[in-house]
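**Student:** Questions regarding the structure given below will be posed in turn.
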Amino acid sequence: MPKYRSATTTHGRNMAGARALWRATGMTDNDFGKPIIAVVNSFTQFVPGHVHLRDLGKLVAEQIEASGGVAKEFNTIAVDDGIAMGHGGMLYSLPSRELIADSVEYMVNAHCADAMVCISNCDKITPGMLMASLRLNIPVIFVSGGPMEAGKTKLSDQIIKLDLVDAMIQGADPKVSDEQSEQVERSACPTCGSCSGMFTANSMNCLTEALGLSQPGNGSLLATHADRKQLFLNAGKRIVGLAKRYYEQDDESVLPRNIANKAAFENAMILDIAMGGSTNTVLHLLAAAQEGEVDFTMTDIDRLSRQVPHLCKVAPSTQKYHMEDVHRAGGVIGILGELDRAGLLNREVNNVLGKTLPETLEAYDVMLTQDDSVKSMYSAGPAGIRTTQAFSQDCRWDSLDTDRQEGCIRSREFAYSQDGGLAVLYGNLAENGCIVKTAGVDEGSLVFRGPAKVYESQDDAVDAILGGKVVAGDVVVIRYEGPKGGPGMQEMLYPTTYLKSMGLGKSCALITDGRFSGGTSGLSIGHASPEAASGGTIALVQDGDIIAIDIPNRSIALVLDDNALASRRAAEEARGDQAWTPHNRERQVSFALRAYASLATSADKGAVRDKSKLGG
């Protein structure tokens, strides 16, 4: 029988000093012996997805205390990728994931907490907390801040839905007037919450549902809606029960590694492919799997990507649907229901509700449930009122979207395509693989061949695109932007956005060892592994080289014979200490980022730290 971790600091005469300090935080004799639950918050005024979280930690804590636990809250950092994007700030985004994971470990282990409620939302915060949860392997429930309402404005006598990416495209398009650009900017992000499309934040919050670590509705219920409050209340109550089941009943089934096992990781990836999630999710799932010692690799992702259809199309792949529309159609459970009916899911998995997948679908799938309260929850809709307040409105859709033929979520029979929304490509340009979000690729670009235009920084590529040096048919190659080479594996949303604004979104390809925002669409191929800084072939590409991309056949190739490629590799190695570094790039890199780069692995390993360099 495991004993409460917190007993280390609350029991025994030798812990008198620790108890004295606990008393100074408000604990009493009656609290020593109760489970101490860490409320891992991520409130910050820098990030719209987190600006409303200040009071939500207290909300969870009150429920923990009322349910027989002791709540202790702390905060992690949170970087806003959209604000950090397009300048040196983006170098810090991915490394912040490791800092978040480490900070959670540090706080929880230093104070011997027994369990956690993780209040996350945006791009690197959910992955960082997920990595920490699987590393620590103590009971945990995730509850995120929720998605933002989609922006809306009237253009050309039509009301259209908007998001952050629309503001970026309009701002870079010289054909758009200043007045229209400002109108879109002011309308694109109307409320608190994670950006309204199927970008990285929302993708990851959906995947925590599929992993079994969060409650139904977590990924899609709007941040502003009053119904979302119940998720926080339930999390506070339920985590105490999970802690007691483990520590008092020796029930290991409630531990995150037993919930988020190999089968659950496969289900999460199947969901990701079906909903055309952000390519960043691949990076984060691989990293989380390593923390949980789950044998889940790029090989598994490649296998699944060939089996799963594309069942849910959401911005940025279409302007028609945003997360509020996914929720109306049944949210994550609605997509999982269609995948289950297609025979694609592992059914022998459990979740923090204590339910199996079939039990969860029966209770929460809008196509199956008879529970009016569940149907009411999925009818929660937007209010269209600018606000930074959580739970501030109670608007509802007139009806649910249960049209599986032409609605937001489709059945397998009526899938957007029988090929899923993500694919892994292999070839001499990416021997360990690279990732493309096929959900955002125009059908006419699935097979593409063109000359390379090579840039050794995102900044140089942006200047070339906006300067008219990139033309239709080109393959833009941006290298030395991987985890080690950047360092920090910047997102390339600005280059892809500017290709669109210059009218090249469907006539050019972009390949990088960096990564893409969840807001990216078009023929954008990232995570090329090995990266340039690790000796990857992408470092050897020269201007004018022909690159061949064949998504249906999952291949990507530098059209160059082996002898020529070997000659280039030898020439690069001959550079000595300068080998596998940019030839002509000026970039100031801080000590903190250099420390990150010294241990970083390529994207096919999740860009985690290389434990072998630490002797572990």
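Cβ from N, Cα, C; glycine included.
From Swiss-Prot, here are the annotated features:
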- D81, D123, K124, E491: Mg(2+) binding site (BINDING)
- C122, C195: [2Fe-2S] cluster binding site (BINDING)
- K124: N6-carboxylysine (MOD_RES)
- S517: active site, proton acceptor (ACT_SITE)
**Student:** What does the structure give for the C-alpha distance between D81 (Mg(2+) binding site) and the residue listed as 'active site, proton acceptor'? Integer Å is fine.
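**Tutor:** Here the two Cα atoms are 8 Å apart.
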**Student:** Which of the three DSSP states, helix, strand or coil, fits D123 (Mg(2+) binding site)?
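**Tutor:** Note: D123 (Mg(2+) binding site) is coil by DSSP, not helix or strand.
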**Student:** Could you find out if DSSP has S517 (active site, proton acceptor) as helix, strand or coil?
**Tutor:** coil
**Student:** List the Cα distance (Å, whole number) between K124 (Mg(2+) binding site) and the residue listed as 'active site, proton acceptor'.
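**Tutor:** Cα of K124 (Mg(2+) binding site) to Cα of the residue listed as 'active site, proton acceptor' measures 12 Å after rounding.
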**Student:** In the same chain, outside D81, D123, K124, E491, whose C-beta lies within 8 angstroms of the Cβ mean position for the Mg(2+) site?
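**Tutor:** Other same-chain residues near the Mg(2+) site: V79, A84, M90, S93, L94, C122, T200, N280, S517.
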**Student:** Specify the secondary structure state of C195 ([2Fe-2S] cluster binding site) as given by DSSP, simplified to three classes.
**Tutor:** coil
**Student:** Can you tell me which of the binding-site residues C122, D123, C195 is spatially closest to S517 (active site, proton acceptor)? Compare CA atoms only.
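**Tutor:** Closest by Cα: D123.
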**Student:** Tell me the Cα distance separating C195 ([2Fe-2S] cluster binding site) from D123 (Mg(2+) binding site), rounded to the nearest angstrom.
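**Tutor:** With the alpha carbons as reference points, the distance is 10 Å.
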**Student:** Where C122 ([2Fe-2S] cluster binding site) and E491 (Mg(2+) binding site) are concerned, what is their Cα separation in Å, rounded?
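**Tutor:** Their Cα atoms are separated by 15 Å.
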**Student:** Based on Cβ atoms within 10 Å, give me the single least packed residue among the binding-site residues D81, E491.
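**Tutor:** Among the binding-site residues D81, E491, the lowest count of other Cβ atoms within 10 Å belongs to D81.
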**Student:** What residues, ordered by sequence, lie under 8 A Cβ-to-Cβ from C195 ([2Fe-2S] cluster binding site) and sit at least six positions away in the same chain?
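**Tutor:** P48, G49, G82, P147, M148, D163, L164, C189, A201, N202, G518, G519 - these are the non-local Cβ neighbours of C195 ([2Fe-2S] cluster binding site), listed in sequence order.
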